[in-house]
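One structure is given below, encoded as structure tokens.
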């Protein structure tokens, strides 16, 4: 190579050194100084891995003093280059800049600059970059983006709610599905969509203290969302890092008690500028017009400051009208400000629900019914649709569906309230009750008699509570020496049941923590049964460990012994056997116990075992629950109301279980009440709301579409290609499981999302659901998203050279493959990627500017090419540099038309979609006051900003490949 002192060269292998200067040479070696790092390198003159840096007219260069020069002419004097042009800061012309005075920190970012500077990538990296661009663009355009990446079953009603709410601006909704239908998963799906799209960045989740860790684990395991758990200790710690500790994290979980206990803490929470607030178990927030609770007021303060609010709560029927109104008031205090007015409005929705019932029944409608429908909808041109719906034509069903949809839009709370019921959702198991009547031991009989004498002055309620738990009465008299478990027949029955069902998981629930602990000891010592314990005396982490041990298939605990707290919020639907060692005092707690297993996703019928002692309060209560309420084998929404009305009578029978006169009449009366109330609830069911929440056929299609996406083979091929090139080791373990571990030669020292000790992954949803240790890889998983960012945010694969062996073309024929990206810059919350994600436009040009890309598909062409080493590649580039410049000029003239077409289409789509949504909501505002003014204003503002950003859209060259034809 012809070297001269003062020339500027760049290292092919260490481009991070910047521009080097030739400072010494002899017959065999040359020394380069790299001023930006102060390092020297000694190279062999004959075969050094360096490339001469030469700029061309039209380029802009920077001097070591920082000013820039636009090159008009390049001269050579004694082997050194002199650049002549216009200085940009002073606009002075004919300014000269010798190459020795160039800025040494020069970084080549444009693909063509990298190519001409000898920074040539491996061919497979170019292919990976193009695929990454292509797939990323396609994924952004998917209509259900944000719904595919979660580790959950594809359950239509959950997907429907998440799809509807997740796309809204700052959604404020009440999720009030019946127990077991997956409100937590719905909330997680909504969060996932909002965070992925950029609609939200900061999220606060407030839950009961006992559920904090469950939410933390669910958000991470199911949605790959890493929340920070704030308690007193974490809050104090974070005060050292920021004035407002909550600003140290983007995603935060804390307990309701933690939030309301300290005034300054609540102020910090309110000031932390959250985008979304999620409140679980919101029915525990006590409110009345005159005296709202401190908890309610704390959430009210937050809800006033946070744009998006999701409240997870019990069903409106369970809450009662006033409590239901209190939740809606948190979402929109302007709309829900008068309880009496709200009650009146709810009555007025009855005709709407009746109209929907008529349409769904499929019967012909009378003229009166048609007129009523027309009045309810209030559209001028509704007549043809009504006629079609009432005809025998092929489009009759479509017309009925359209009318139902129009009625839904006008329904009072359908935009803010979602409520699915078990009646409207398929997939629930049966519940089978097995009662086991056992004799009352003499030890208990004696203890009960003595207790009756000593506690004669106790209230009936206290005596009733005592009688439900005879082991507690016995233990009180005997003290520490009492060993009730040695003679209680329920213990013998339980051990027999567990030993005869060794392969089955069994959940045992009892009221007291002491009972659970004593049972664990007996089972372990007598029969060697592996039993985990779960009670309120354990820390949250200890409870999580117990639940995880129970969940392990092979080496886990056979039985989980829970105190009553175990029936609040924890789900164990992988088990189907429930033993109630005793009975809870009210039907709500009974339903909570059964609800731990009776959830959507439960694969087996639930076997409910109730061993009870005869002649005790247990024998009274088991009959009342089963015969009076049918509460064991079916959910019982009437339970609380009947319990309240029958309370006094029931308490007396529980306090004196041997006196059964009239008890059969009480059971009969309660059963009649139950049937009547149930019929009343059924009649009052808001079917319109259920249809809206359930999603019907639309939700089924959504689930099916996502299921089809699960089979995307492009993802597997791309992921393996990505892991190979990044340098991540892959070990196929069979059963659709792959173990990924970092290697010593990765593109980056720490690949974001990959733990130091590696992780197990699967591309199969079913495997991910059955193996909690395996991560479910989709296009939305952080490993893939981080991999895409790693490749596309840098210059990996942006310039390369390949050889094409093709005897049909003359040797030395040049082709240049150009990948342009059409894109618009905008804040993430505008979600511009819905309309114009960074979109690759591929061109394959010959020296005459003919674009062969349409005839030559990328993957087919890529397989015909072979790689060139960097040294040979640099020589080739130098030889054909002028020709490549000319082809690049031709590419620049051709890209404009394609890019403009993409931008115009994106503008048209954005305008149609956002204007259409705005017009629809503005029209509905007249008939449905639940459409918020701020939501309309946000859509209008969003539309204007989106269109303005698309007006500013442009394009740039992202990658290029030089192809030279050879016959060898």
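Cβ atoms here come from the backbone N, Cα and C positions, even for glycine.
Source: prediction; values computed, not measured.
Swiss-Prot lists 164-334 with the feature domain 'Helicase ATP-binding'. When pLDDT is averaged over the domain 'Helicase ATP-binding' (164-334), the result is 89.
The feature ATP binding site is assigned by Swiss-Prot to 177, 178, 179, 180, 181, 182, 183, 184, with sequence analysis given as support. DSSP assigns residue 182 (ATP binding site) to coil, not to a helix or a strand. Around residue 182 (ATP binding site), the same-chain residues at least 6 positions away in sequence with a Cβ under 8 Å from its Cβ are 155, 158, 599, 600, 601.
DSSP assignment over the motif 'DEAH box' (280-283) gives 2 helix, 0 strand, 2 coil. The motif 'DEAH box' feature in Swiss-Prot is assigned to 280-283.
The domain 'Helicase C-terminal' feature in Swiss-Prot is assigned to 490-685.
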Same-chain neighbours of the ATP site, Cβ within 8 Å of the mean position of the Cβ atoms of 177, 178, 179, 180, 181, 182, 183, 184 and not counting those residues, run in sequence order as 420, 599, 600
Between the binding-site residues 177, 178, the one whose Cβ has the fewest other Cβ atoms within 10 Å is 178
Least crowded of the binding-site residues 179, 181, counting other Cβ atoms within 10 Å of each Cβ, is 179
Listed in sequence order, the residues of the same chain lying six or more positions from residue 184 (ATP binding site) whose CB sits under 8 Å from its CB are 215, 218, 280, 312
Note: among binding-site residues 180, 183, least Cβ-dense neighbourhood at 10 Å is 180
DSSP, reduced to three states, assigns residue 177 (ATP binding site) to coil
